[in-house]
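Below: the structure, in structure tokens.
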Amino acid sequence: MAPPSNKNNNNSSLISTFYASPVPLYTLSILLRAFLLLYGLWQDANPPLKYTDVDYIVFTDAARFLSHHHPDGPYARETYRYTPLLSWMLLPTSWTADSLWLRVAYFSFGKVLFAVADLVAGWLIVKVLTMSQGGGAGRGGMSPARARGFAAIWLLNPMVATISTRGSSEGLLAVMVMALLYAVLSRRVTLVGVLLGLGVHFKIYPFIYAPAIVWWMDEERVAPATPSRPTPASPLDRAMAFLTPARLKLALVSLMTFTGLNLVMYALYGHPFLQHTYLHHVTRIDHRHNFSPYNILLYLTSAHPDASTTGGIRIESVAFLPQLLLACVLVPFVMAKKDLPTTMLAQTWAFVAFNKVCTSQYFLWYLVFLPLYLPRSSFLRNPRLGITALALWVLTQAAWLHQGYALEFLGESTFVPGLWMSSLAFFLANCWILGIIVSDVA
């Protein structure tokens, strides 16, 4: 019987050859998305199930209102809850043509844009992984070939490719967040401030990274040539020492970028911009396609609004407090100085897991950080642990999707115990995985 080592060596050689050059990885990534885009056109033409995400219809409708100079701009489209920047970017989807193929191409412009954003995010992942001192003390950059191997977790991920080609804009956020991290690790403070302000304007949630970045930005990291100062003795001295020029510059630039964008949008669209882009999300009640344990509560609240009020405070308005405590205080304080990329992963994982609304698109918010964490993770050091975590994450999702399918397509009442129990199982699986991520650094 032939020894298995030869076969393993051959497999290893094939993998090494595949990642030795960027061409095979990016070519396969492009082909995967091109196939899904074409398949989506076929499925959209063959009901009942559509491939295109309903959010993409909202985006393109908003762009159409914008192109027709409607006085309310993109907010003339009900359920458009995003910055006008997104509708501006998708204006080509409103173009018309006599040719059917041209109309299809124009309509698909946004999907192509989001798919390209996926690829750019993957390229930035490689850039971060190959950086010297990539996010924490003692973390040197890895070889480009090995970095591409880990970036493939994002680039060749069918979930990532499917979500973007269905018309979800999360790929744009992935680019902004990876560019933000790259700018931080490159010590480009002004660029960090611009990207942070832009990211928060675009989708709100990137504000959670501000505490981690600020905590990470010790003077010896940002300006290593600066002579070390004596340790301050009094609380006032420590507070003054914390306010370094880099931290103050970051705060000023990010605030100016965020405020400037909002002032421009408010001048153009008035209160509807504030209401739909920001205020709506504080009291948002969205129980459809929601993996969160809050799902049933939000469903009951939508039917009986007064039932969720306790002492004049609505439950959905305070549900974000636990996630903010975890994502903005505890996780960055414990982890940020040791490993910034993994801290941002843990922050995002906590924010999504504890969010009152948790949909499949939100998973991309933390999946983009996985290639940065996995090289030194317990999940790779202990493959059995990694397989268990992946199985729990997938199977608890599948359990929820089974209950959701029975509810939405078969008309069965699966809210309790089926839907709620599967939501709880998925939440607990996420908490367990989050605990391992934190313990790997803390």
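Backbone N, Cα and C define each Cβ position, glycine as well.
The transmembrane segment annotation in TrEMBL covers 23-42, 104-126, 169-185, 192-217, 250-269, 318-336, 348-373, 385-406, 418-438.
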Given a Cβ distance threshold of under 8 angstroms, which distant residues of the chain, six or more beyond its ends, lie next to the transmembrane segment (318-336)?
208, 211-213, 215-216, 282, 294, 342-343, 346-348, 350-351, 353-356, 438, 441-442
Grab the same-chain neighbours of the transmembrane segment (104-126) for me: Cβ-Cβ under 8 Å, and only residues 6 or more beyond its ends, written as numbers and ranges.
22, 26, 29-30, 33, 37, 40-41, 52, 56, 59-60, 89-90, 92-97, 144, 147-148, 150-151, 154-155, 160-161, 164-172, 174-175, 178-179, 182, 368, 371-372
Should anything in the same chain at least six residues away from the transmembrane segment (169-185) have a Cβ under 8 Å from its Cβ atoms, list it; otherwise answer none.
55, 59, 82, 86, 110, 113-118, 120-121, 124-125, 127-128, 131, 133-135, 154, 160, 163, 191-192, 195-196, 198-199, 202-203, 206, 209, 213, 216-217, 340-341, 344, 361-362, 364-365, 368, 372
Same chain only, please: residues at least 6 beyond the ends of the transmembrane segment (250-269) with a C-beta under 8 Å from a C-beta of the stretch. Say none if there are none.
72-75, 83-85, 189-190, 192-194, 196-198, 200-201, 210, 213-214, 217, 277
